[in-house]
């Protein structure tokens, strides 16, 4: 395994079974960051509808899922969750001890993946979110029983091209879905509300939305770079009797904090329900 971990990422062939938006985002991030050469990527899908975007990146494509496994030792499974069991049954005969298999499918547990694959297969789950498309994703990964630290480190090294990736216990993957997967929509609602407040006060809509988005991005970057608790940055913006504290008071009266916590809770509970189905 040390030899695998030490191999140069650019020399590794990476496969994608399923060629949807998230698979494309991961492939694009790996290629743009120089982690993998485009011609070393092989993607499969039933039709050319999505494969054409992989070809535009310079990747190889096929309609055979087994061909991906036969040509690549590291393979991402990015199919729809309900399709994945049939796909795993199809490729299981060509899975070898050399393979590292990574599921991006939401709601399919590591134990379910391992049951559908040969004994001792090295399996990991990755939960990405939509900003992976612009290489600013927030991802978590969980390892199966037979995956070791070398596979985790390799995967993190590759996926850092798409954003932030941290290892967590599998029990926290559904929480990540509620926080970060659904959180993209929650952040969009807040960005929209910020901009509409400015429009109400007389600012042109296009300008208001651009400034709101930039404000969220800049705030997030400060939080990540400084490693501070958000309350500390919030305190830096507040001055006694100033504009910000008056605005925060209005947000507290509207129940923003409680509503946001409830939104993450509701999304997480739904993710857990789907995982049990």
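Yeah, the Cβs are placed from backbone N, Cα and C, and that goes for glycine too.
Here is what TrEMBL says about this protein:
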BINDING   65  NADPH binding site
BINDING   78, 79, 80, 81  NADP(+) binding site
DOMAIN    13-107  domain 'Pyrroline-5-carboxylate reductase catalytic N-terminal'
DOMAIN    170-274  domain 'Pyrroline-5-carboxylate reductase dimerisation'
Other same-chain residues whose Cβ falls within 8 Å of the Cβ centroid of 78, 79, 80, 81, the recorded NADP(+) site, in sequence order: 18, 20, 77, 82, 83, 84, 87, 104, 105
Residue 81 (NADP(+) binding site): tally of other CB atoms within 10 A of its CB: 15
Residue pair residue 81 (NADP(+) binding site), residue 65 (NADPH binding site) - Cα distance, angstrom, rounded: 16
Lowest local Cβ density (other Cβ within 10 Å) among binding-site residues: 65, 79: 65
Neighbourhood of residue 80 (NADP(+) binding site), C-beta criterion under 8 angstroms, separation at least six: 18, 105
Residues in the domain 'Pyrroline-5-carboxylate reductase catalytic N-terminal' (13-107) grouped by DSSP into helix, strand and remaining coil: 42 helix, 19 strand, 34 coil
